[in-house]
Amino acid sequence: PQVGEIESTNPCGEQPLLPYESCNLGSINVSRFVDDGNIMWDDLKNTVKTAAHFLDNVIDMNKYPIKQIEDMTKRNRKIGLGIMGWADMLAKLGIPYNSDEALKLAEDLMRFIRDKGREASSEIARIRGNFPNFEGSIYPELGFEYMRNATITTIAPTGTISIIAGSSSGVEPYFAIAFYRNVMDNDKLVEVCPTFREISKKEGFFSSELFEYIAEKGTVKESTVVPEKYKKIFVTAHEISPNWHVRMQSAFQKYTDNAVSKTVNFANEATSDDVREVYELAYKEGCKGITIYRDGSRTGQVLNVGTSKDKEGSKEEEKFLEVKGTFSPKPRPKMLMGRTIEMMTGCGKLYVTINYDEGGEPFEVFTSMGKAGGCAQSQCEAMGRLISLALRSGGEPETIIKQLKGISCHMRYGFGPNQVLSCADAVGKAIEKAVSNPIEISVINQEKVTVDKLLEEAEEGEKKVDKKTAAPTVKNGACPECGGPIQHVEGCDVCYSCGYSHCS
C-alpha cells in the first residue's frame, strides 16, 4: 500500500496494477497432472517452481517501452502464475464441476500452487535478492525473510493459449462438449472435447453419431447413450447456476494473490435482479471482480452452442420480427443533390455520399472505400443499398443512425468521443452530420443546371481521362488484411503487399 494506489487492471481484470506496472502472466495446464484418477502432486510442485523461476526471468529479459514501466515493474517484480485445464482435471478425476468436492479441491489446488510458488520465489531471493519494495510489504509480517516477487499467483482466462494446449480454459467449466467448426468450402467439422472423447472410448460409448448429436444440442444431458454419471461430470457453463460460478471463483480467489478472471454465464431470459444478486454474492464471497455475460446480448458473440447462429437479444425483438410487411420505395428522380463526407475508419478512408429529395430530406446513401474491392467495400455497398431502401420507403434517418452508431469491430480508428468503432459506425456518424447540417436545395434552381448538360459534361470528362492517370482497378478485390491488391496465382488469391493468401 505504501507504494501507491491500484489505478487500473489489465483488460480481463485479473491483474490489478499500480501506475506504470506491467502484466507478467503464465498458466499451468493442471489436467496434465492426473494419472489414473490421482493428482501427481510432486510433478506439479516441480512445474510450479520452474514456472515461477521462468516468470521472474521474464522481468529481467523483457524490453520495456518506457523507463517508468521498467522501474515500477522491477521494484515490485510481480508475477502471475495461474492454471488452465480445470474442467478437464475434474472430468479425469470424476468430479462434477458444480459440487462441494470440486470447491474443496479448488481451494487445495490453489493453496498448493501459491505455497510452492512462494517457496520458489523465496529460494530465488536468497540468491538474487528481495524485490526492492520488500520492506513494508506483507511478507515480513508473514514470517518471510526472503521474497523475490510481490505477488505470485493470478488466474487468467487463457481463452487463446488453452486452444493451443488442447485444454479447457482457465477455471471455467466446459462451454460445450462438442460443436461445429466451419472450414473451407463451407464444410463443417465436429470438434469434440478431447477429455470427453478419451473417456467415451474408454467407457465404450464412443461414436461419431453421438458427437454429431451433441454438436447439434451443445450438451450431453439429453443423450440416451451417455451414462448418467458422465452427464453430471460433463456439465456445461449454461447448465451451472450463477451461484455455483461465483462459489468456484471464490474458492480459487482465497489463495490467489491478485485476482481471478471468470465469467458467470446467464441465460437470455436473465433479469437485472439476477445480475444484482450475483454482484452481491461475489462481494460477500471475497471475489476481487466478477464478469457476467447474458447469452445473446451481443450480435457477434465468440462462442455459440447448437446449430443456431443467432440468439435473440430480447423478447421485444421477437415481437418486432413477427410484424410482416412489404417495402414500397419511392421512385428515384433523374437528378438529386447531395454531399460526400470523408470518414476515417480502421479499414482506411470511407466516403459516404448522402443525396437529398426535393424537401431536403436524406433520400439515398452511397459508400465507397478509399481502396476498391474486398470484403469491406462489398459490405459497405450492401449497407448503402439497404439504407437507401429504408429511406425511400419512409424510414426515419434518426432510426437508421441509432441502429448504426455504436456497432463495434476490431478495426477501430481514433480515440475518445470521436473514435470510429467500425465502418457501420462511420456511416451512422456521417448520416448524423448530414442531418444536423441540412443542405440548401434551392441552389439547384439558381444555377439552372439541366440533366442533359450534366450528362454531356460527364461524357466529355470521361473521354478526357488519361488511362495512365485513371484510378487503378482491383480485379480480384482488395486484401482483407492490408487493403492492397489481390493477385490470383495458381488457384490462390495472394497479396504481395503483406503475404496474405487464400486458396480455394
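Just so you know, glycine gets a Cβ as well, placed from its N, Cα and C.
Automatic, uncurated: that is what TrEMBL annotation is.
Annotation source TrEMBL lists coiled coil at 444-471.
Annotated domain 'Ribonucleotide reductase large subunit C-terminal' per TrEMBL: 3-140 (among others), in sequence order. Mapped onto DSSP helix, strand and coil, the domain 'Ribonucleotide reductase large subunit C-terminal' (3-140) counts 72 helix, 18 strand, 48 coil.
According to TrEMBL, the feature domain 'Ribonucleotide reductase large subunit C-terminal' maps to 147-293 (among others). Per-residue pLDDT, averaged along the domain 'Ribonucleotide reductase large subunit C-terminal' (147-293), amounts to 92 for this model.
Taken through DSSP, the domain 'TSCPD' (330-434) splits into 42 helix, 28 strand, 35 coil. The domain 'TSCPD' feature in TrEMBL is assigned to 330-434.
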